[in-house]
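Inspection log for the structure reproduced underneath, given as structure tokens.
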Amino acid sequence: MKLKGVLVRMAGCRPVVEVVRLGLRSYQEALRLQQVFVNRHRSGPAHALLLCQHPPVYTTGIRNKPYPEPLLDRLRLLGADVHRTNRGGLITFHGPGQLVCYPVLNLGGFKKSVRWYVGQLEETVIDLCRRFGIDASTSPHTGVWVGENKICAIGIHCGRYVTSHGLALNCNTDLSWFQHIVPCGIEGKGVTSLSAELQRNVTVEETVPHLLDAFAHLFHCELTEAPQSLQDAAETSPGRT
């Protein structure tokens, strides 16, 4: 998907969201970069969509009680990092083959409703799955599901209506990593991926254009590639809160 390189910010236009492609990044580095982009909103609207993959990592949300250290050590022995975060939700896994999307938006430019925002993220992934011929849906549990199996986890943070964290869509993820946890704390449910549903290899690279199309449609926004100068500045910023 080729995005327009010229931003038009005339009154009445759709919000402009800059797409930042981070590639494979450690979870800690992605947290730092999110904070850099959150800080940009202090001087005005600066919507961004950060796309990346992570090396194997288990993350816990604010709904989790502290995990016993022996359990965390067992997860680390698998070769994964472990991080506690300020997002909503419970424990989940991120790893290669998973498309992770961190929208850093000021909801004042969209709709000041966290419930609306989470619903739009879910509908974005449902639209994406439909483009692949997969019948996905929501459930009483946050995220996107194919039958009884979760295909996309969603966990966000929102401070002063500026969002961070986001969604993690399984493309060709090694799903065996999920066997060591109760994903998102939901007993009796499984996980799936685009590749598992279609019985072929669906890469993150193949999936990204569909995500961007669906996001632009559901959020009624214009997407543009972030200039390299912006990414270079973010790389060197300390990302303090």
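Cβ atoms are placed via backbone N, Cα and C, with glycine included.
According to TrEMBL, the domain 'BPL/LPL catalytic' annotation covers 43-223. Under the heading substrate binding site, TrEMBL lists Arg87, Gly88, Gly89, Leu90, Ile91, Thr92, Phe93, His94, Ala153, Ile154, Gly155, Gly166, Leu167, Ala168. Marked as site 'Lowers pKa of active site Cys' by TrEMBL: Lys150. Under the heading active site, acyl-thioester intermediate, TrEMBL lists Cys184.
For the binding site of substrate, formed by Arg87, Gly88, Gly89, Leu90, Ile91, Thr92, Phe93, His94, Ala153, Ile154, Gly155, Gly166, Leu167, Ala168 according to the record, the largest Cα to Cα distance is 15 Å, rounded to a whole number.
The most densely surrounded of the recorded positions Arg87, Lys150, judged by C-beta neighbours within 10 angstroms, is Lys150. The predicted model assigns the domain 'BPL/LPL catalytic' (43-223) a mean pLDDT of 94. Under the three-state DSSP scheme, Lys150 (site 'Lowers pKa of active site Cys') falls in the strand class. Gly155 (substrate binding site) falls within a strand segment according to DSSP.
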